[in-house]
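According to Swiss-Prot, the protein carries these features:
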ACT_SITE  GLU31  active site, proton donor
ACT_SITE  LYS165  active site, nucleophile
BINDING   LYS92, VAL112, SER146, ALA147, ASP148  substrate binding site
BINDING   ASP144  Mn(2+) binding site
Amino acid sequence: MSKTDFSHELLRFSDEVKDALHTGKPVVALESTVIAHGLPYPDNVATAQKIEAVVRAEGAIPATIGIENGRFLIGMSDADIERFGATNGIPKASSRDIPVILAQGGKGATTVASSLVAADLAGIPFFASAGIGGVHRGAEKSMDISADLVQFTRSRVAVVCAGAKSILDLGLTLEYLETQCVPIISYQSDDFPAFYCRSSGFPSPHRLDDPAVVARSIEMHWKLGNRSSVLITHPIHENDAIDKDEVESIIREAALQAEHEGIRGPGATPYLMRAVARATQGRTVKANMSVLISTAALAGKLACAHTDYLRQHNQA
């Protein structure tokens, strides 16, 4: 039985998610930024529904998270997804933005960081995202570090992703996670992946090939009293991947151009991502869809394995 507080004033559960948590079924949280900021309407709605479908196909219940009317939506209905997808100007809400958006009663599209806040409050132990934020290149001067990394240290949620984007300093990102004692497990891969690229060039601290062992490892982390996330990475399918050296060359050139144009801070990431998309002639669109689907599917599989573990140990 779930220990979730279904009467929490800041949470609005869908009936399906509420029933799943109450009866101990596996649930996977999903962000809503992909709906409000990822693709144009109606492609954004179709993509969100496709992501939910692959979670269901693995035997888990999807819980897409948004913010509306002063509460987190824990499990968005088709009507919710349609409304968010068709509405222009919904702000992207990271962890720091949550209090103000909730207080004002507005809408917000959740990022990795804010989705983890909501998932942890709701008692959902798994979250899927195509890729996480990290330490930006030049962070030793700019101090530009994604809130995702900080939130990992605060939220008791397993995060399934295809690593971090190549535009980041992936070496420093891994160093930060090590310093914060956030476990990194690469599923059926030796290397830490880099979103569009199967390998970042950095080895993963741990490789595990069995979903049951991954599930046990996650639970062991929490049984040790840790309140932090566990990061599970899985690389993009080989047929959809983009060569690491090609991407690195594009990023270096684009970063120099961005510096020349005075583009920094929040504007740097979309600038670099657009540069990669242009230079690869849109191959990043296919790659992005690939990792959205594959990470959601793996999260569903691992959530089921984790539920099986809890049931075997009478903890579900």
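Every residue number used here counts from 1 along the chain in the order it is shown.
Every residue, even glycine, has its Cβ placed from backbone N, Cα and C.
Among the recorded positions VAL112, ASP144, SER146, ALA147, ASP148, LYS165, the ones whose Cα is located within 10 Å of the Cα of GLU31 (active site, proton donor) are VAL112. The most densely surrounded of the binding-site residues VAL112, ALA147 is VAL112 (count of other Cβ atoms within 10 A of its Cβ). A separation of roughly 12 Å, to the nearest angstrom, links the Cα atoms of SER146 (substrate binding site) and LYS165 (active site, nucleophile). Looking at ASP144 (Mn(2+) binding site) and LYS165 (active site, nucleophile), their Cα atoms lie 14 Å from each other. When the recorded positions GLU31, ASP144, ASP148 are compared by the number of other CB atoms within 10 angstroms of each CB, ASP144 has the fewest. Other residues of the same chain near the substrate site, with their Cβ within 8 Å of the Cβ centroid of LYS92, VAL112, SER146, ALA147, ASP148, are SER94, SER95, THR111, ALA113, SER114, ILE132, GLY133, GLN151. If you measure from the Cα atom of ASP148 (substrate binding site) to that of LYS165 (active site, nucleophile), you get 13 Å.
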